[in-house]
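Enquirer: Take a look at this one; I'll ask things after.
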Amino acid sequence: MKRDVILTEVALRDGSHAMRHQFTEAQVRASVAGLDAANIPYIEVAHGDGLGGSTIQYGRSLTDEFKLIEAAVETAKHAKIAVLSLPGIATKPDIKRAADLGVSMVRVATHVTEADVSLKHLAYAKELGLETVGFLMMSHMAESREIVEQAKIMVNGGADVIYIVDSAGALLPNQVMDRVQALKQEIAVPIGFHAHNNLSLAVANSLAAIEAGAERIDGSIRCLGAGAGNTQTEVFVSVLDKMAIQTGVDLYKIMDVAEEIIAPILPQPQEITRGSLVLGYAGVYSSFLLHAQKAAEKFGVDSRDILMEIGRRKAVGGQEDMILEVAAELQKA
Ligand SMILES: CC[C@H](O)CC(=O)C(=O)O
Ligand SMILES: [Mn+2]
C-alpha cells in the first residue's frame, strides 16, 4: 500500500477532552472498526492527557483507559494502536501495560522546551520494541532553532519520528513551514505535525507541513479533539486526494465513520466557538477550554478573560490549577 502521508487518527485520545473523558467501550469498538475498515494506519487511544490522565486534576475517565486500549487492539485488523505518554502523568508501568495489551507505538509528549524529560520513556518504549514518537507540545512557544535542538535530544534518545504539536492552534502556515523545514534540514527521522483548528487553519497548516516535508499528520474525525478539534480527518483525506497525495484511506468509508459513528456521540458540534477561537488567538492549550468554562461558571467571570490571562502567563500543560487561580483573581478584581 503506497502512502505518501501517514495519518494518525487522534479522536479516541485528543477527542477524550471534548468528550469529558466519557468514552465507552462500545463507542471505541465501533469507531476503531470503522477507522480500520477505512484503512487508517494508526489510531491513538488513551485519556486526553495520555496514559494515567484519569485524575481529579485532568478529569476522571468513565471507562478505564486500558479497557479501551484492549478493545481497540482486539477490534483493529490492520491499524496499529498508539498511546500517548506524558512523563510525570504516565509511568513506565503504564507503558508496559499498554505494550502487553498489544499497542504498537508510544508517543512521548513534553513541552517544546523540555525534551529531556522524555528520555526515560523513549528508552523504555524502545526496550519494549515499540515504535516511538517525540511529541513537542506548544510548538508556537519556541523558535525553529530551539525546536531543532529539542528534537535532537529526542532523536538521540530513540525517537523514530518527531512531531511539531500546535497544541493551542496558534501557529500560522508560514510558521509551520519554517519549523518543519528547519527540522528537515537537521533531523534524519520523519517529521510529523499535529494541528488544532482554533483559528480555522488546521487543514492549511497541515498542508504547509507536508509542503515543507512532513510525512506524518494527525487528524481527528469530525474534528473530535480538544478546543475546535484537529485537522478534520475526512476533510483532509479528501483534500489530499484532490492533490493526488496518497493516504491509502477510503474516502467514502471515512466520510461514513464521521457521519454515522462519530457525529451521533458528540456532546456538542465541534465548531469554532468564541472560546476555542480565544485559545488560538491567545496561544492557550486546547485542553484548557472546558476547564476554563467550568471555572468561569463557578466564579461568575468570562471564560475568555481567563484564557487571555492564561495566555499572557504562558501556562503549559500540567498547570490547569492556574485556571482556578486566575478565575478567583478576576472575580476579586
Ligand atoms: C495534554 C496533552 C495534550 O492534549 C496533547 C496534545 O494533543 C496537544 O498538545 O495538542
Ligand atoms: Mn492535541
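Glycine too: its Cβ is placed from the backbone N, Cα and C atoms.
A TrEMBL annotation is a machine prediction, not a hand-curated record.
Computed from a predicted structure; not experimentally measured.
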Enquirer: Would you identify which residue of ASP14, ASP36 TrEMBL lists as part of the Mn(2+) site it also attributes to HIS194, HIS196?
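Expert: Only hit among ASP14, ASP36 in TrEMBL's Mn(2+) site, alongside HIS194, HIS196: ASP14.
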Enquirer: Go through ARG13, HIS17, HIS194, HIS196, the listed recorded positions, and name the one with the sparsest Cβ surroundings, counting other Cβ atoms within 10 Å.
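Expert: Minimum Cβ neighbour count within 10 Å, taken over the recorded positions ARG13, HIS17, HIS194, HIS196, occurs at HIS17.
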Enquirer: Please list, in sequence order, the residues in the chain of SER167 (substrate binding site) that are at least six apart in sequence and whose C-beta is under 8 Å away from its C-beta.
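Expert: For SER167 (substrate binding site), the qualifying residues are MET137, MET138, SER139, HIS194, HIS196, TYR285, SER286, SER287, GLY317.
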Enquirer: Can you name the residues of this chain that are 6 or more positions from ASP14 (substrate binding site) yet have a C-beta less than 8 Å from its C-beta?
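Expert: Long-range Cβ contacts: GLU44, GLY48, ASP218, SER220, LEU224, GLY225, ALA226, GLY229, ASN230.
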Enquirer: TYR285 (substrate binding site) has how many other Cβ neighbours within 10 Å of its own Cβ?
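Expert: Neighbour count, Cβ to Cβ under the 10 Å cut-off: 28.
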Enquirer: Within the same chain, and leaving aside ASP14, HIS194, HIS196, name every residue whose CB is within 8 angstroms of the centroid of the CB atoms belonging to the recorded Mn(2+) site, in sequence order.
Expert: VAL10, VAL165, ASP166, SER167, GLY169, ALA195, ASP218, SER220, GLY225, ALA226, GLY229, ASN230, THR231, SER286
Enquirer: For ligand 2, list the recorded positions among ASP14, HIS17, TYR285 whose CB atom is within a distance below 6 Å of it, in sequence order.
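Expert: Passing the 6 Å Cβ check against ligand 2: ASP14.
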